[in-house]
Amino acid sequence: METYILSIDQGTTSSRAILFNKEGKIVHSAQKEFTQHFPQPGWVEHNANEIWGSVLAVIATVISESGISADQIAGIGITNQRETTVVWDKDTGKPVYNAIVWQSRQTSGICEELREKGYNDTFREKTGLLIDPYFSGTKVKWILDNVEGAREKAENGNLLFGTIDSWLIWKMSGGAAHVTDYSNASRTLMFNIHELKWDDELLDILGVPKSMLPEVKPSSHVYAKTVDYHFFGKNIPIAGAAGDQQSALFGQACFEEGMGKNTYGTGCFMLMNTGEKAITSDHGLLTTIAWGLDGKVEYALEGSIFVAGSAIQWLRDGMRMFQDSKESETYAERVDSADGVYVVPAFVGLGTPYWDSDVRGSVFGLTRGTTKEHFIRATLESLAYQAKDVLDAMEADSGISLKTLRVDGGAVKNNFLMQFQSDLLDVPVERPEINETTALGAAYLAGIAVGYWKDSTEIADQWNLDKQFKPEMEDEKRDELYGGWKKAVNAAMAFK
């Protein structure tokens, strides 16, 4: 009987279930969107029970449509939107409030207060993160402070906190396991990434009772088994978990120090494996745990770019320059260059290495000869310039030069962008055969835990190249183009 690994990819707008075989190939997949709630400007929330319902639905769809039986599933891996926060009642299993999403800015006031009290360095040194509404810690505090009766219940040990992985494992196991993995714990602003434990001082500052927190386990580990009433009468090992970006790093087989990947989604997330060293950044990068595996923890440096694929959507929907995103490549290739035009797509501020939330999008270098093609090309090029900003910061912090960049996400199908990215970084850019690297990473972590795959060496051998883009640009040209980008960013930041 052939067996498979089931990967649950719980994202910001949809939940997916993907069935992988021994070769790491996709056998079947299903996807279901769920509701986004915006109770106030800048706030983003999800209904945690609706997320759970969407996960059950995609699992059922995959099993029924693929024609397999549940006992052919050797294990389940979970990857999830990171930082999104659920607080629920231990006895009833009901969330006390909506899940507060990573994008939500509703804890800005709490963060401002913590920074004013001088806690920035304390959090940075212990967690590798910045005090920002992005991370879970202030979201938990907000729920305890704003939901009637929540703080009292939490202090009595009746409430549980979890990121989405914890919530799903708790639900799948029928409440038997309240756990998370190292990668997700490292995004909470409450976990000491050096001592590998919840930090009492940080919990005290945030006013979060320790009894709420999940147990932290390796990313490849049998956490629990599914309860039969949720899983076609079967008890299947839930055996792997990792935050989405760390999972993509694993799925890209970036197992050696200095290997890196860039995911081109709505925004971009670039991660570099720094091995067993947690490197503190001087250039606006986050220090994070990549995964816990084989009795050790590995770390990564992470850079966040807020606008990537959404800039192409803006050209399509806002500027109406084309009807299909694929056309952006055709238009960009009709001209030899952007003709001195630079687009700084700071629609929601700039992330790494600038961390400036007040700067807004700008266009520079327009002349009477500027065409639609130049404008589209300049917008695509801005994705690559931002990735170079991040990579330069990573190399400066780590002292490691990247040898190749592995890429995934929607925009990697754009050959023009990938070639320009390689030219600008002066390293080969590698696009894998399987683009679903986030779901694949979770499948691999689960598969190793249940013996479906032997180890990371076997997984590295399965990584297959679709296309490699090699740098063709001369140094002088690269320096000239990137110099123009830096001038454009500085000008945009001055215009407030």
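Even glycines carry a Cβ here, placed using N, Cα and C.
Swiss-Prot annotates T12, R16, T266, G410, N414 as ADP-binding residues; of G309, G361, G365, G369, the candidate listed for that same site is G309. For the glycerol site, Swiss-Prot records R82, E83, D244, Q245, and the single candidate of Y119, Y134, Y223 listed with them is Y134. Spanning the listed glycerol site, residues R82, E83, Y134, D244, Q245 have a farthest Cα to Cα distance of 15 Å. For the recorded positions R16, H230, the ranking by surrounding Cβ atoms (within 10 Å, all protein chains) places R16 first.
DSSP gives N414 (ADP binding site) a coil state; it is part of no helix or strand. In sequence order, Q81, T84, V101, W102, Q103 constitute the residues six or more apart from T12 (ATP binding site) in its chain with CB-CB distances below 8 Å.
Of the listed binding-site residues, namely T13, R82, G309, N414, the sparsest CB environment within 10 A is found at T13.
Of all the binding-site residues in the record (T13, R16, T266, Q313, N414), the one with the smallest CA separation from E83 (sn-glycerol 3-phosphate binding site) is T13. Cα-Cα distances to Q245 (glycerol binding site) place R82 within 10 Å, out of the binding-site residues T13, R16, R82, G309, Q313.
The secondary structure of R16 (ADP binding site), as reduced to three states from DSSP, is extended strand.
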